[in-house]
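Here is what TrEMBL records for this protein:
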type     : residues : note
DNA_BIND : 71-90    : DNA-binding region
DOMAIN   : 49-108   : domain 'HTH tetR-type'
Amino acid sequence: MRVASMTSGRLSSMPCWARSVVWQHMRGLPRNNRGTPRLEGLTMRSDGQRNRAAILAAATALFAEKGVGAPLDEVARRAGVGNATLYRHFPTRRDLQVAVAADEATALREYAEVLAAQDSPAEALFGWLHAYVRHVAAWPALIASATDSGSARSVDGAVPIGTGPYWRWRAETVSVAAELLERAHGGGAVRTDLEACDLIALADGIALTAPAPGRMDRLLGMLRHAAVPVPVPA
């Protein structure tokens with residue numbers, strides 16, 4: 001199976017959240033006693049689940065390498081399935097893009113949970129924000145392709161939210177930021193007038209206007225400095 005034989009070098013070149021998605025799907029595949037994906041003896045239901053997981057893992061890797069316009073034939077070949085199987089699970093390119101975007105959102109939430117359990121409130125907040133900025137910078141075309149074309153409203157006047165799947169995941173991202181920010185507020189690590197929508201709007205601006213890693217890191221550092229509570233005069 002081609003996904004199973006994906007080289008560590010190829011994975012290591014991908015963003016951490018993309019690697020997380022690929023490994024998430026690869027972990028869901030049945031394995032033999034050597035620890036490699038096992039294809040024989042599967043029921044139709046598990047076979048369908050395996051194929052879907054393989055397609056999503058292949059698409060995530062290929063989109064990271066070649067962009068969201070990568071040939072779907074190549075996605076199918078890398079997943080080790082036929083074109084008919086790919087289109088049975090994802091009838092259109094947009095269906096596949098939306099599914100990958102959904103997994104990206106899930107990976108970011110899971111990363112937030114890991115950080116919240118291991119780091120201080122401030123480190124968790126800005127560690128996650130760093131990952132979020134790199135996510136947006138690495139996947140602008142994926143985000144755009146998964147966005148519904150209908151009208152969108154705003155949350156607190158800052159972050160547009162529509163009614164389709166992508167916008168639900170977008171709202172979840174704001175919710176994750178709000179949870180991390182609440183912990184940081186409670187610990188006195190950031191100014192209390194800073195809101196989740198402020199952070200997401202600023203992070204989006206950094207990601208989309210300064211994609212160079214060094215530039216992003218500098219601007220994120222400035223954002224973190226600006227978020228420090230201002231001492232109250234005695």
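Keep in mind that glycine also has a Cβ here, set from the backbone N, Cα and C atoms.
Curation does not apply to TrEMBL; its annotations are automatic.
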Secondary structure tally of the domain 'HTH tetR-type' (49-108) (DSSP, helix then strand then coil): 49 helix, 0 strand, 11 coil
Mean predicted confidence [pLDDT] for the domain 'HTH tetR-type' (49-108): 91
